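Peer 1: First, the structure itself, so that you have it in front of you.
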Amino acid sequence: MTNTLFEKAKPILESLQSHNFQAYFVGGSVRDYIMNKSIHDIDITTSATPDEIESVFEKTIPIGREHGTINVVYQGEQYEVTTFRAEGEYIDHRRPNEVYFVRNLFEDVKRRDFTMNAIAMDMQYQIHDYFHGQQDIADKIIRTVGNPSERFNEDALRIIRGLRFQSQLGFELDIDTYNAMEHHISDICHLSIERIVVELKKLMLGNAIKQSFNNLKQFQAFSYMPFFKHFDLSKVTIEQPMPITVFIALLKVQQPDMSSNISDLKMSNQEKKYIDKVVQIIETIPKVETKVQLKLFVYDYGKEDILEVLSYADTLKENQIATNSPFIINSRAIAEMAQVLPIHSRKEMDINGKDILALVDKPSGPWLKSTLREIECAIITGEVNNYKPELIKWVKTHV
């Protein structure tokens, strides 16, 4: 088992305990430690209140003081330290109406989502497991802490989180947990799409995506989500991990007539541009019928993104999306073509817009953009060399 990160964070626990406060590692890091998986983020829970945490440590950042969370800065690293807390009644199936601090570890962990995430560990690596989380990890079972209906009624995002863990870990859902998920799935309509997308991004990349995605379909979860509710997900089969951007592109290509708005997903402009690019790549592949078209295809979309799309060829085929072309036999054909392209972007052209305007007695306008594209194509197809004197001659002849 790897414990390097715990050892680095151990002085945080020691400092709290030296001031007579309880302190434990908790949550996903402990779960991953038990599973002998790599650990990325460490969360610490303590009986100290936010004021008391700040009094113990020299450098702190009050990132979530109202929820009891203080970032402790130690040896250049930041550690999230959260006060033991209990929660009042939940409102809107997403947040409690109050959070209050307690001095008891059991009270803190009993409000957590799943048994595997409700395990605490002290600095001697002694496990504190009130809800048999270790046994569920050993049995590869995802089970809620306490009554599953209550847990999902409190925060419906736990349903998507549970399916995300299923996809990432390959665990089975406890039958009561599964039934409660199905019963409460409509409550996810109260959640912000941003919170849902954060979980879906991780879910789509899990190695056990097939079962998790099938459960999403079985629960009709997508019908309660903006954007996705416009698509018929019963037509979609996903059996391999993929970025959510590729999944969305697949939907848009498979069901182009659906009146959906990508902005409903509140994704970044970069992600939206990438989705559009993947859609264009998928739709262009079957149209590549000559070597010249292949050259322009690789130039326009770039080797990396084309190879990324081709890596999902089997999934696209399963979803009745054509990806066959006589000139794109395999990824090697793309890689080899990319190597022999004379240029890889317009910046590499040995002529620019200013040069063309100096040669042609015309005011700037849409024609200039078209001319640059024509020159680009001429260079790629070998009609003219990327050499300024030759390009000047080409402009004088064609414009």
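Cβ coordinates come from backbone N, Cα and C, glycine included.
Curation plays no part in TrEMBL annotations; they are all automatic predictions.
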Peer 1: According to TrEMBL, G28, R31, D155, R158, R161, R164 bind ATP; which one of R103, R112 is annotated to that same site?
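Peer 2: The candidate from R103, R112 that TrEMBL ties to ATP along with G28, R31, D155, R158, R161, R164 is R112.
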Peer 1: By DSSP, what is the split of the domain 'Poly A polymerase head' (23-143) into helix, strand and coil residues?
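Peer 2: Tallying H, G and I as helix, E and B as strand, the rest coil: 32 helix, 43 strand, 46 coil.
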Peer 1: Going by DSSP, is R158 (ATP binding site) part of a helix, a strand, or coil?
Peer 2: helix
Peer 1: Which of the binding-site residues G28, R31, R112, R161, R164 has its Cα closest in space to the Cα of D43 (Mg(2+) binding site)?
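Peer 2: Going through G28, R31, R112, R161, R164 one by one, the closest to D43 (Mg(2+) binding site) is G28.
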Peer 1: Per DSSP, what is the helix/strand/coil residue tally across the domain 'tRNA nucleotidyltransferase/poly(A) polymerase RNA and SrmB- binding' (170-228)?
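Peer 2: Going through the domain 'tRNA nucleotidyltransferase/poly(A) polymerase RNA and SrmB- binding' (170-228) residue by residue, I get 43 helix, 2 strand, 14 coil.
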Peer 1: Which has the fewest other CB atoms in a 10 Å radius around its CB: D41, D43, the listed binding-site residues?
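Peer 2: Sparsest of the binding-site residues D41, D43 by Cβ contacts within 10 Å: D41.
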